[in-house]
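Features of the protein shown, as given by TrEMBL:
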| type | residues | note |
| --- | --- | --- |
| TRANSMEM | 25-44 | transmembrane segment |
| DOMAIN | 26-522 | domain 'K+ potassium transporter integral membrane' |
| TRANSMEM | 64-85 | transmembrane segment |
| TRANSMEM | 154-177 | transmembrane segment |
| TRANSMEM | 197-216 | transmembrane segment |
| TRANSMEM | 223-245 | transmembrane segment |
| TRANSMEM | 271-290 | transmembrane segment |
| TRANSMEM | 302-323 | transmembrane segment |
| TRANSMEM | 397-417 | transmembrane segment |
| TRANSMEM | 429-448 | transmembrane segment |
| TRANSMEM | 454-472 | transmembrane segment |
| TRANSMEM | 484-503 | transmembrane segment |
| DOMAIN | 535-772 | domain 'K+ potassium transporter C-terminal' |
| REGION | 658-679 | region 'Disordered' |
Amino acid sequence: MDAESGGCGAAGARARNKSWRSEMVLAYQSLGVVYGEVATSPLYVYRSAFAGGDIGHSEGNEEIYGVLSLVFWTLTLVTLLKYVLIVLRADDGGEGGTFALYSLICRRVGAGLLPGAGADDDLKEQRDGAAAAAASPPASSVRSALQQRRELQWLLLLFALLGTSMVIGDGVLTPAVSVFSAVSGLKLSMVNEEHQYVLLPVTCVILVGLFALQHFGTHRVGFLFAPIVSLWLLCISVVGVYNIIYWNPHIYKALSPYYMYRFLQKTQVEGWMSLGGILLCVTGSEAMYADLGHFSQSSIRLAFTTVVYPSLILAYMGQAAYISRHHSFEKNHHIGFYVSVPEKIRWPVLGIAVLAAVVGSQAVITGTFSVIKQCCSLNCFPRVKIVHTSSTVHGQIYIPEINWILMVLCLAVTIGFRDTKHMANAQGLAVITVMIVTTCLMSLVIVLCWNKNVIFALAFLLFFGAIEAIYFSASLVKFHEGAWVPIILSMIFLMVMCVWHYGTAKKYEFDVDNKVSISWLLDLGPSLGIVRVRGIGLIHTEIMSGIPAIFSHFVTNLPAFHQVLVFLCIKTVSVPHIQPEERFLVGRIGLKQYRLYRVVVRYGYRDVQQDSLEFEKALVSSIAEFIRSGDSDQNGYLNGSDSPYERLSIISKGLPFQEDSEPDGSPESSTLKETNPKLVSSKSRRVRFVLPENAQINSEVRSELHELTEAREAGMSFIMGRSYMKAKSGSSLIKRITINFIYEFLMRNSRSPAYAANVPHVSTLEVGMVCQV
């Protein structure tokens, strides 16, 4: 007994040690991905703070002590308390970010505005979350208000889109600020006439190189990220400790909140305006939450509390200690990071700073790609080309169009401003706006998803909202000094996202209103009134019930159609990931001899869609398993209709099949294969389904599987509709401009749907339709 207990205890200890080792590895890796932006903030925080409000630097050091106190408490309250200890807990299936909060709220409340949102009603996560939310009495009034009032749903969506557009703006501003601040260390080694001709070209070259390398993917150089950021954090910590010991060992007293009061009392309006620069000490905090899907909560907390947070505090204290003993700066905006670095190690530190700035910028750019992919998946952004740069690392993507747009905008900001003051003002407003959006959405999560008392949500909203409102006002007052940039950028991206979402929703409504009833189809008979030819016809549609209008055009105008027809609906639902066993929903339309099937394929907004070959195999396998298992599946999913032909079954695992170049000789008792040479393609492809051992199937099922085999051997044809949107006559001027011009322009310049990207053109048939909305 004791030996057995000892063995169990040893096994448990080994498991815990292995878990801790894996967490340590993740924490180390997170340094290079998550913390590159916040780690480089000491490069420009003090300079931006003293330049932002034009505050002085007196012999009494009230100003530098006050700025240090504000930086310390802002970093502690906002980043450590709000994000690390509270917000990180609000994960949407392990994912984080603004859209993750939005989808989490909508899924719990059932108040989403995304077309076809009912496609995820049967998911286990959806049912469990709805049950948990329904059990919260304090949330009932808030939940009912969101469910019943559509204007509140639109407001919630606009709020999420506003935060997302500011994240995209941050992807433009962060590389410019970080790289320019890192390169600005060259000023101390050159005379004024020289550095003004060097800083800007060097910064632009580094930025162009940074964006040009994006198509390689971060996994190729990602192994360097964590060592670079670790070396940078070690460097600023050592320099900070040196400055504290050598210049002002009593600088720790400035951490007292008393010095914040003294600072604001003395500087008043100028001190309030300097808060926009102090705010930059928490830039990158949102990245911790947005990158939650790549790491675990505990690993991010471990890295921040044990490495990042102490290093940043030492760095800020060291800078303040140096500045407190030097009052002979030519200009206040010369107060920066490099003046506090000992001259003997300034060049190595400069090189490490540039590398750290590149790493931090890389993380922001990658995060921007991820956010835009989420928006595209949820029909809130025009379709763009998404390239997955790694087959093993989740989330490593590259979007060419967005990459070059970000590069052009980043270079324009850098060349237009040519100083960190205006760029920092712009970045500060973008950062604080995203934080305010997160605070508001998080207060709803506390009530609706965590089932906490409304008092806790109000306390969270009022406490952090008050802090962020003060910083927001200080950033907004600098509108004419650079803060207008994120506002203009966010308004452009917000307009694009709103117009695309509105047009997509209107198109979906048109498809639903103009779908053909199933009774009309059943009246045509098994042959549908036309000749059925070999092959599988995949009819892509956005609706999950009824017959799409394009099919009626086919039946009316075409003399022949495929022997097997599949109405295929590919939906991205408001959950981050869909398990493979919940991905395919298969149903039958009409009687068995019709050979008409409906398949709904679901993806999460962070899922990677399968390529065409794998998708075709999975689709045929799912239909075959549906045929083999019969129509008595009790796990049916009803699309809001009482018709027996609308029932879909969840196919957790498809019936496997093999495609051979030559006929197979396996026994017919275990396989179904085609032996008629007239039905063999030029490639002599043979298809056979592998049935379970001792499987008993009747002749009707065998015949249906046999016909599916024939159709698969003959090949697939992909039939897709191309819609042209037009506003109805009599529509308002705003609607006509939105639909006829802006949405149509976005449609013409956007990519095809993701599922159509790899479809062979020789097998594709497009049908144009004009949608009057």
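Yeah, the Cβs are placed from backbone N, Cα and C, and that goes for glycine too.
When each of the listed stretches 154-177, 197-216, 271-290, 454-472 is scored by C-beta pairs under 8 angstroms to the transmembrane segment (25-44), 271-290 comes out highest. Simply put, out of 64-85, 154-177, 223-245, 429-448, 454-472, 64-85 has the most Cβ pairs sitting under 8 Å from the transmembrane segment (271-290). Beyond the transmembrane segment (197-216), the same-chain residues lying 6 or more positions past its ends with a Cβ under 8 Å from any Cβ of the stretch are 175-176, 179-180, 183-184, 186-187, 190, 354, 358, 361-362, 365, 387, 389, 398, 400, 403-404, 406-407, 410-411, 414-415, 418.
Cβ atoms under 8 Å from those of the transmembrane segment (64-85) belong to residues 38, 45-46, 49-50, 57, 251, 253-260, 262-264, 266-267, 271, 274-275, 278-279, 281-282, 285-286, 288-289, 300-301, 304-305, 309, 312-313, 316-317, 320, 323-324, 435, 439, 464, 467-468, 471 of the same chain, restricted to positions at least 6 beyond its ends. The largest share of C-beta pairs under 8 angstroms with the transmembrane segment (397-417) comes from 154-177, of the ranges 154-177, 429-448, 454-472. For the transmembrane segment (154-177), same-chain residues at least 6 beyond its ends with a Cβ under 8 Å from one of its own Cβ atoms are 37, 44, 97-99, 101-102, 105-106, 111, 113, 146, 203, 207, 210, 283, 286, 290, 360-361, 364-365, 367-368, 371-372, 375, 380, 406, 409-410, 413-414, 420, 423-424, 426-427, 430-431, 433-434, 437-438, 440-441, 485-486, 489-491, 493-494, 497-498, 501.
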